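These notes concern the structure reproduced below.
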Amino acid sequence: MIVTIDGVAASGKSSVSGGVAQALGIPYVSSGLLYRAATLLGLEGGLDLQDAPRLLDHLRAHPVRLEPLAAGNRVWLGEQEITDRLHSTRIDRGVSVVAAHPAVRAWVDEQLRALPEPFVAEGRDMGTNVFPHAPHKFYLTASARIRAERRSQERPENIPEIEAALLRRDELDRGQIAPAPDARVLDTGPMTLDQVIQTILADIRG
Ligand code: ADP
Ligand code: CDP
């Protein structure tokens, strides 16, 4: 059994997925962390993020592993944990360029499809491309201002700067962001985190 939770940047995907996964007693899978890890490797390797063939060679030479735990996903580069380095403003700026390469998307998708079910998968294209057969699909939205206000708790920039960066990333990501036709769309703006989680659980439990 797979539950997919897609949505725009900072719409609440990972917090909601973590809550839903914990209530169901299963792990959740944060696909964005693999795109972020690919971006970190590219930046630290001094690569041009536009150069997909070199980036992919670099990724193939470095063993990146996603550990999908309900309490929070962890990412490993060999024996070294890199999770804490994946949410910087520098990664936010580069990640959409990296995620636009079909070869990088195939590198991520291959790792996601190898994971043992059940799990909650969150990202942009979990319900459309990666797990189109999933029986439970959700898509989260909220206004850019609300998302920026929420993210300002986690980033050093001010709210208008964060809002502009989120809108820029939504625009760059638009090729892979769309609700699956069978997804339930939830505007999380007027809801608390717990209301979103309970709404999704009630829907799944039918
Ligand atoms: P994403 O994974 O989509 O980037 P996050 O899970 O990081 O989003 O959520 C961004 C922030 O918004 C988190 O700090 C989360 O707790 C907060 N948040 C506040 N209210 C809500 C809500 N109603 N729904 C989802 N997230 C919320
Ligand atoms: O948490 P936030 O929404 O800010 O980002 P994320 O889910 O960690 O995703 C980071 C970036 O990875 C996105 O801006 C997309 O460029 C890319 N991504 C993607 O293309 N497809 C996915 N399934 C997940 C993320």
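For all residues, glycine too, the Cβ spot is worked out from N, Cα and C.
Just so you know, TrEMBL annotations are computer predictions that nobody has curated.
The ATP binding site feature in TrEMBL is assigned to Gly7, Val8, Ala9, Ala10, Ser11, Gly12, Lys13, Ser14, Ser15. Around the Cβ of Ser15 (ATP binding site), the same chain contributes Leu193, each under 8 angstroms and 6 or more positions distant in sequence.
Annotation comment: TrEMBL describes 3-204 as domain 'Cytidylate kinase'.
In the structure as shown, the Cβ atom of Gly7 (ATP binding site) sits within 10 Å of 25 other Cβ atoms. For Lys13 (ATP binding site), the count of additional Cβ atoms within 10 Å of its Cβ stands at 27 [all protein chains shown]. A sphere of 10 angstroms centred on the C-beta of Ser11 (ATP binding site) encloses 27 other C-beta atoms.
Residues Ala9, taken from the binding-site residues Gly7, Ala9, Ser11, Ser15, are distinguished by a CB atom under 6 angstroms from ligand 2.
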